[in-house]
Amino acid sequence: MKVEMTSLKKSDKKAVLDFAAWSFNVTTSVGIIMVNKALMAKHGFTFATTLTGLHFVATTLMTIVFRWLGLSQPSQLPVADLIKFVIFSNLSIVGMNVSLMWNSVGFYQIAKLCMIPASCLLEIVFDHVHYSRDTKLSIMVVLIGVAVCTVTDVSVNARGLIASVIAVWSTALQQYYVHFLQRKYSLNSFNLLGHTAPAQAGSLLLLGPFMDYLLTGKRVDHFNFSSLALFFLTLSCFIAIGVNLSQFICIGRFSAVSFQVLGHMKTVLVLSLGFVFFGKEGLNLQVVLGMVLAVLGMIWYGNASAKPGGKERRSILPVRSGSLKGSSEETDGAEK
């Protein structure tokens, strides 16, 4: 009886921590989208790649402060793995920006939906994960729902297709790699960010101005900052710390596929908040039905993947001995 009570308490604790991590990610992700929309649409700061570089500068400062306070323990990450991660991550960022520029909004949204099948394939091939029929069907319901409420005009061209393929696979690999590195090297979110954020900040600040000039025809060093633009830029960098940290926490606790599936809740929230704050243009029965279908699919996925056999890993990745403090808490329990 005592063992059952202890097990129940651990299960309850994990459920609370899972909910807190996911709420943190949803809140910060939706918040940064709304702030960036104001920064770019209303104040003209359209330099997305450079802005992402500044986000990682802020995240790097956070990891330094955490290490100084003793909240993050020293850790090791091989340079080869760090370089691969940075390549995947930067290709994802640049690829998504280029895909949006070269494709219609409808095809861009379809490409984003393809990240879930890509993530599933990576988990099946590399981790030998098995999905039940209900889990697969629930993922399809989510994809259909999000497609119904976001995909409108669809047109494609050769260079846009290439950019989308690069964006989809680099994003799937980056998110898979977050989970992989945390398990392989027993890194918690703070440790992994401490390794990756400085490298991403430096590379994106070097690459960003050139990419943004290619995409917008404008130079970031010629941008005339107003006090409000500077305020929104600072706010965006501050919220980005939470976005980056919560992404690593969620992928560490769940998996890349679950992160992608539940991530579409943010799409629904962004659409809803957009209609509330920026007008109801585009709101119709199709959009509402798509949102409802997507939410129902997410609920179904949560239940289906949590059942025995819903999502099972059939081989265990060896974990480096001497786990660092905090890592076991983030990866405790079965994956979802």
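Cβ atoms are placed via backbone N, Cα and C, with glycine included.
A TrEMBL annotation is a machine prediction, not a hand-curated record.
Computed from a predicted structure; not experimentally measured.
TrEMBL lists 27-301 with the feature domain 'Sugar phosphate transporter'. Residues or ranges marked as transmembrane segment in TrEMBL: 47-70, 82-100, 137-155, 161-178, 190-211, 223-245, 257-279, 285-304.
The stretch from 47-70, 82-100, 285-304 with the most CB pairs below 8 A to the transmembrane segment (190-211) is 47-70. Simply put, out of 47-70, 82-100, 161-178, 285-304, 47-70 has the most Cβ pairs sitting under 8 Å from the transmembrane segment (223-245). The average pLDDT computed for the domain 'Sugar phosphate transporter' (27-301) is 85. Long-range neighbours of the transmembrane segment (161-178) within the same chain, counting only residues 6 or more positions beyond its ends whose Cβ lies under 8 Å from a Cβ of the stretch, are 84-85, 88-89, 91-92, 95-96, 98-99, 102-103, 107-108, 111-112, 114-115, 118-119, 122-123, 126, 192, 247-248, 251-252, 256, 259-260.
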